[in-house]
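K.L.:
Below is a structure I'd like to ask you about.
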Amino acid sequence: MAGMTRHRFQQRSHDLRKSEVGEVTTQDSKFQKNRLRFNLLHWLIILCLDSFIVYYVHRLQTKYPAPLDHNGDNKGRFIETSARSYLEGITKFGPRPVGSHENEVLTVEYLLNTISEIQQKANIVHKIEVDSRRTSGSFYLDFIGGFTNVYNNINNVMVRFSPRIGARDSLLINCHYDTLINVTAHNAFRYGLKEYGSKVDQLCLDLFYWVKQSPCKQEDFLEVLQEMELEEKYFIRHVQSQWLTLGPVTVRVIKHYAAVCDYFSKHLLSKEHEKNDNYCRICACLKDKNTITKLKFVASLANIFPPFLKLFQTEGPGLHILHDECCSLVRRVFGRYLKADILNKKIKRYLFSYLPIDVDILKHLEILHPLMQHQHGTTKRLKKFIAAVPDVLTDIEVDSVLEEWMVYTHEDIHENWYLKEQATDKTTYHRVAHYWNNVFQLRNSSGQPKFMKLQKFIPYLLTLSHGNADVERSLSHNKNMLTSASDDAVSCALMLEVLRVVASEDKSFRNEIIFLFNGGEESILQASHAFITQHPWTENIRAFINLEAAGAGGREILFQAGPDNPWLIQLYADHVPHPFATIVGQEVFQSGIIPSETDFRIFRDYGGLPGLDIAYISNGYVYHTQHDTIDMIPPGCIQRGGDNLLALARGFGNSPLLSDPGQYKHGKLVFFDLLGLKMIVYPHNVGKIINLITVAAALIGIGKKITGPHTGFIEKKYIQHLGKATGILLISWIVTILVICMIGFLTDLIGQPMSWFTNTWLLIGLYAAPAGLVMLFINEAAKFILFDGFPVWEVESLFFDANLTVFSLLLAILTLRDISSAVMILVFVLFPLLIRDRITHIYNPHQFFCIHLLSTVIPFTIFIYSMLTALCLFIPMMGRTGSNVIPDMFIGVIVAVAVVLAMSYHDGSVSVERLEYYENNKCGVVHKNGTWSLKSTYPYYYYQHIERTFHDHTGYVYKHDSGIFHIPFDRNSIHVLKPYVPELRDVVQNDCRGPYCGWPYFFPAAFLFKETYYISSSAPKLTPHADLKRVKVTEINEKMQRWHFDVTGPNYVMVFLSPRPGVDVVKWSVGDGNTHPTQLPPGAQQPQYFIYYSYGLTPDKPWSFWIDVQINGTDETRHGLLEIALGAHYLTVDGSKKSTPELENYIGSFPDWALPLAWPATYESWSF
């Protein structure tokens, strides 16, 4: 394989090495100086090359097109500003879980009104049909642990866009507008204290828990109080989210302040206390002379608020007085510290514009107050309010409401309707709802209600939130509203804008496009199943595009396509201007490594359709959190996604392949984008041929070395030495990965898992550097032992061939196993083979080294591009994969594989540079490719305020408790929170008893969690009560019965079934009729069955189902045949988000970087 030039160079290098050994030894000092200079130079060159590649790839991944607006000649173009306005329209409603008023009514109305506007402006050549319907059904889904999904009244909004002359074939484009639920914490006072620089709230908490920790401390402190003749009362617990509790708490601390100073300065002198964080914080505060002043200031300020809060703790509507009372509160607060003239001149105007009370809607709602009836300008204020909420009334209704309001302002209404009691010192009023109910009773001369339209409009306003929590929220520094801008409101905004653009064009498409805005994806793919299995428009659908998100912003990736129908990928490649797709993503996602599913699966499995699955994956840390906001989507991201979606809509809309794919219906494609610039697409079978030809070429080249002339020192025993080099290489790979696994395991074992989650640069020191050092040490040690004294060039050539052999064999194995992702290994064989192994006339080490780097630049660039994408996806995902997964081992292996692949070819090439030392007193370097880091944040938790009740087969309640149920999705579990949340000191680990372990899991995912926790508390007060009734038992045969049940409860009810030994659940009325046991949670022995039930609007009758129970007649059934439990989740109740004071107090004590998703729930089990 090598020519005479290379042979001469090999011989020359070998002879030169022999002849100059003595000279090298005598000039060692000079050599070391030159060697250091040479090393630094080459390190600098390689570092610059690698840094440039990483920088270039990163820039390509974060480069977005310029966003367009309506200015200029942008007709027929996707406009980002327009799409952002749609996005704001959807997200303004806040969280939109299934069953909430925001999801079932407000968002639906917004979509329908927006589509109606587009419909009115559409070109006459297009036909636009709109449908919105609620559907019920059920299906089995082998996802997470496996469960049967039942839904009722789930809503979809659908638009069929077709040519006026009609079309036979349709493309479906799908998004979802629903979200998960979240609980907000009202923490304005905390933020204020933080800005103020005071640690008063922390001092109060530390004192409370210090005394509470042990009876001994309580007795000691009580003695100090007695000595100083102070009131013998302990400290009060301050709840950080309920900032009004700080008033009485600080008052108690002020009363005992002298005793506190005496206690900590004289009675606690042991040095053991110095290791206690609470003790250190308390002592630091007590040494500060300003602490008592700060306590008095906070106590004075906090005591202003209770009267205001008490006013809004009543059940009656208070929105009509909220603005005036908030303004009065601001005046009272600042009036204590500022002179009246200063406050009235400048500061009042500034405060009222800066604080969230300067809201026109609140000002306008004052007109609902009875005393405002005859005030001038109320009609104008009502008109402004209606304009601010355009989705409430139609244009026709607006005129009627204004006319009736003018009549109302001139109506003669007796003061007894609103005046309850009047005295010289106090006046009390009836609830405003009482007043308006009387107004609505007024009749005209014909006996009809005078205010028919107002009777519809005013109650809508009075039911707006006005209670305690909302008052606090209006004055809170609170942005914790889960709007799910990326998951998946942005996709809905893209679809609305694409619909607007194509509807305005003067040329119709060949095919129909159905836009599906589904209202139930987060409830586990319910709405897509409802549409694809029951809607009449599905008959003509031939393919679909599903739009999803697992992050916020960035580039949207095509990560799944098919099944079969390679024309889909080809159409994507031919039309999208900004491609981002990879076959690796498809095979990884479909392998089940990623614990997620999309509507793609429903359309594929239940609709039998091929399609494309496209999702945003950047910044996955904000996925399903309150940080997924519009601000997280950089300018240009929406433009990029919109350009691609519009291009796909036009491509599919005019493609004849939609109706007849022909020869393109079957088969599989290998696809990936080349740095986002160009799509590479070719048939899977062609890819197999390319892979195998490349493998054959590499092995033939190596075979020629075996059978060719042997002039080199190594080539005389080439097979033997190649086997040694290959063995060394494989051992170095395996040992490197095993060492990194061990490091990951030990990191987890010592209680420091995911230390890189918020500091991803630590991956370099934790995994990348050790992996590189281990691999380098093994290779160098093996070369020193097995190849000492061998010509340097031939050792390098031998290890290059060993790498080529290993990569070729790996490529062959993956190809023969039909793994299309083998293309990632192909580049590590093809380019070194074409560039490096073809060049035989280079004998200058510098020139050779440059050629070697050139042969690895393309594989390294493609590799870095893929690895950055993988880390961008997987690192944030580790925060929500459950506590049973060891993320340090998983991420460590990814980094180790990256280092192994990046270093393999370069290790041997360093030896050639060392040869230069013998010629010019210079030495080469070890080329180790760098790694990278990404930004990160936030751990992930689920919390439920629960009440549990267990019945035996006689109906007797043998167990009842209540508390906070903790489900940590993070490997760190709750341990990372314990220093910040004192309540967690009382936490206990949960046991497993009863159906599905006796806990109200929202998903059948108990097996994912190493441990869950529980803190006892008072029971939540929840309605409607979840109830299960066995209404009928039918004998099928002597061993089988059919049990009929009715279930009532909130929007989300999980049914857990656990048969006793000797009893089988053989059939039921839900799903496909076949029972499917879910994966057993830890500690469970008997089969467990999981039914997920939810509804949108409240159904008019209970959910009914039956199960067939087969009894095998064992003694185990004497205490009951079957245990059934209901896990009722109160995410929403009657359309409104639900929480409890205990839950909000608890969540409010969490640090800002924690992401709790929380709601109330109940668990009740029966034995039948």
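A Cβ is built for glycine as well, from the same backbone N, Cα and C atoms used for every other residue.
This is the feature table in TrEMBL:
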- 1-24: region 'Disordered' (REGION)
- 1-11: compositional bias 'Basic residues' (COMPBIAS)
- 12-21: compositional bias 'Basic and acidic residues' (COMPBIAS)
- 40-58: transmembrane segment (TRANSMEM)
- 484-648: domain 'Peptidase M28' (DOMAIN)
- 689-707: transmembrane segment (TRANSMEM)
- 718-905: domain 'Endoplasmic reticulum metallopeptidase 1/1-A TM' (DOMAIN)
- 728-750: transmembrane segment (TRANSMEM)
- 756-778: transmembrane segment (TRANSMEM)
- 790-813: transmembrane segment (TRANSMEM)
- 819-836: transmembrane segment (TRANSMEM)
- 848-879: transmembrane segment (TRANSMEM)
- 885-905: transmembrane segment (TRANSMEM)
- 941-1166: domain 'Endoplasmic reticulum metallopeptidase 1-like C-terminal' (DOMAIN)
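Let's see these features in context: how buried, what's close, how far.
P.N.:
Using a Cβ-Cβ cut-off under 8 Å and counting only residues 6 or more beyond its ends in the same chain, the transmembrane segment (689-707) has close neighbours at 1, 682, 715, 718-719, 722, 801, 804-805, 807-809, 811-812, 814-815, 822-823, 826, 829-830, 833, 837.
Sequence-distant neighbours of the transmembrane segment (819-836) (same chain, 6+ residues past either end, Cβ-Cβ under 8 Å): 583-584, 587-588, 668, 670, 672, 684, 687, 690-691, 694-695, 697-698, 701, 800, 803-804, 807-808, 810-811, 851-852, 854-856, 858-859, 862-863, 866, 901, 904-905.
Residues 729, 732-733, 736-737, 740-741, 743-745, 747-748, 753-754, 756-757, 763, 766-768, 771-772, 775-776, 800, 803, 806-807, 828, 832, 852, 855-856, 860, 863, 867, 870-871, 874-875, 878, 927-929, 931, 971, 1008 of the same chain lie 6 or more positions beyond the ends of the transmembrane segment (885-905) yet place their CB under 8 Å from a CB of it.
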K.L.:
If I take every residue in the domain 'Endoplasmic reticulum metallopeptidase 1/1-A TM' (718-905) and average their pLDDT values, what number comes out?
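P.N.:
A mean pLDDT of 83 is what the predicted model shows over the domain 'Endoplasmic reticulum metallopeptidase 1/1-A TM' (718-905).
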